[in-house]
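Noted in TrEMBL for the protein shown:
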DOMAIN    20-466  domain 'Major facilitator superfamily (MFS) profile'
TRANSMEM  86-105  transmembrane segment
TRANSMEM  111-132  transmembrane segment
TRANSMEM  144-166  transmembrane segment
TRANSMEM  172-193  transmembrane segment
TRANSMEM  205-224  transmembrane segment
TRANSMEM  236-253  transmembrane segment
TRANSMEM  273-298  transmembrane segment
TRANSMEM  304-327  transmembrane segment
TRANSMEM  339-357  transmembrane segment
TRANSMEM  363-389  transmembrane segment
TRANSMEM  410-429  transmembrane segment
TRANSMEM  441-463  transmembrane segment
Amino acid sequence: MSSTPSPHLSNRERAAIRMIPFIVGCALFMQMLDATVVATAIPAMAAALDTTPVKMNVAITSYLLALAVFVPISGWAGERFGARKVFIVAIVLFSAASVACALSQNLPQLVIARLFQGLAGAMMVPVGRIIMLQRTPKEDLLKAMSFLAMPALLGPIIGPPLGGFLVTYASWHWIFLINVPVGALGIYLIMKYIRPDLPAHARRLDWLGFMLSGIALATLVWGFESIGNADATRLQTLGLISIGASCGLLYVWHARHHPHPILDLSLLRIPSFAISVLGGNLCRFTVGATPFLLAILLQVAFDMSAFAAGLISFTGAAGALLMKFIATRVIETFGYKRVLTINALISGGFTAACAFFEASTPFWVMVAILAVGGVFRSLQFTAVNTLTYAQLTSAQMSKASTFAAMAQQLGISLGVGCAALIMNISMNARGAATLAQDDVAWAFAAIGAITALSFFSFIRLPANAAEQLHQKKRP
C-alpha cells in the first residue's frame, strides 16, 4: 500500500485500516494469554488428569516448543498460500485446539492438543503482523505498532489472575474455552475487513533444514526434561539426546551448504547477535520457570487458592510494565554493557529470592520481591531485544528476526523444563515420591543462578556496543 493515504479511499477501506491492528491484537492477546494463564491452573489440571504438578510442565513446554519449531516457516506459509487464508486457518486451528485441550482426559491428550495450539500460534501472530505491515499506510504504522504492543504487555498481567479466577470459581477447562469466542470474533472481523490476497511466488522452503532443526529441538528438549524423571529409563534419555545431537550436527553441516537455510547460523558470527541470543536465552529461563514454580509453591506447598496465587503471580508482569516507560532512558544513561552485566546479577538474585518464600511470608513481601524483580527483568529484555539487531544490515533483519523468535521460545521452554528437572532431582535425592517446598526452593535457586550466568555472556560485549546502536538512529 502506498505510504500516502489516498483521498479516494472508501469508508470501508478506512475502517479496515483502523481495524487491522485490533484484529492482529486479538490474535496476539490469545497467544500471550494462553502462554501465561495455564501456569496458574497447573495444580488443578494435575489433579483432574491424575498426574503430578511437576509432570504437568510438558503442557507448557510442548506449546512453547511447537512455537519455536514452526515460527521459521510462518513467513513462507503466508507467501505460499496467502496471508489472509493462513491467518484464518491458524485462528480456527488455535480455537479448535483450545477446545481439544478442555476436553482432554489425560496428560498425553493434553500435550497433543497443546502441540497443535503451538503450531497454530506460530502461524497466527507472525502472519497477522505481516498483514498489518503490508496494509497499513506508513504514516499510521507507528500508531498501529504501539497498539499491537498492548496485548503483549497486558496478557501476562491479566493471565494469572484470570486463570486463577476461572479455576477457583469455575473449572480449569475455561482457561482454554475463553479462546473460542475471541477466535470467532477475530475470524468474523478478518472476513469483514481484510480483503483476500493472492498467493505470491514463495521462495523455496528449506524442508530438510526444517525437519533436521525441528527434530533436534524436540528431542533435545524432551531428552533434557527426562533426566531425573523416574518414568524415563536411562536408555530412553540417552537415545533422545543422541538423536537430537545427531540431527543438530547434521543441520549445522546442512546450513553451511544451503544457500537459504531455514535458520541462518552465520548470524552467530556477528558478536552482538550471538551474545544477545546466548545471554538473552539464559535470562529467559526465568520467564518460563517463575510462573510454573510460583503456581506449585503457592497452591501446593502453601495451600492457596488458584485465584489468590494468581493475584500474587501477576505482580511481576505489572512491575515489568512500569519499567517500559523508563527503560530506554536508563539504558541510554548507563550504557548497554553496564546495564546488561549488572542487571543479570540483580535479576538472578530476585529470582533466587523466591526460594526463601514461606507460608508465613507476608503477602506484601512476596508482591514486592516479584514486582521489583519484574522491573529489572523488563529492563534486561528491553536492552537484549535492541542489542540483537545492533550490528545487522537491512538484508539480515528478516533472518535474524526469525532466528531470534525461535530462540526466545526455546529459552522459555528450557526454563520450564529445567525447573521440572531440578524438582525431580531434589525429590529423588530425598527418596520421596511427592513434592515438598524445598524441591521448589532448589528450583528457584537454580533458575536464579542460570540467569546470573548470563553475566559472562554480556561481559564480552564490546565497549562501543551502545555507540553502534546510536549511529543506526542517525539519518
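In case you wondered, yes, glycine gets a Cβ from its N, Cα and C as well.
Remote same-chain residues near the transmembrane segment (441-463) are listed as 271-272, 275, 278-280, 282-283, 285-286, 289-290, 293, 297, 336-337, 340-341, 344-345, 347-357, 387, 415, 418-420, 422-423, 425-426 (criterion: CB distance under 8 Å, separation of at least six residues from the stretch ends). Using a cut-off of 8 Å between Cβ atoms, the transmembrane segment (144-166) and the transmembrane segment (363-389) share fewer than three residue pairs, counting only pairs 6 or more apart in sequence. Using the rule of three or more Cβ pairs under 8 Å, pairs at least 6 apart in sequence, the transmembrane segment (273-298) is in contact with the transmembrane segment (363-389).
Looking at which of 86-105, 205-224, 304-327, 339-357, 363-389 has the most CB pairs under 8 Å to the transmembrane segment (410-429), the answer is the stretch 205-224. In the predicted model, the domain 'Major facilitator superfamily (MFS) profile' (20-466) has a mean pLDDT of 88.
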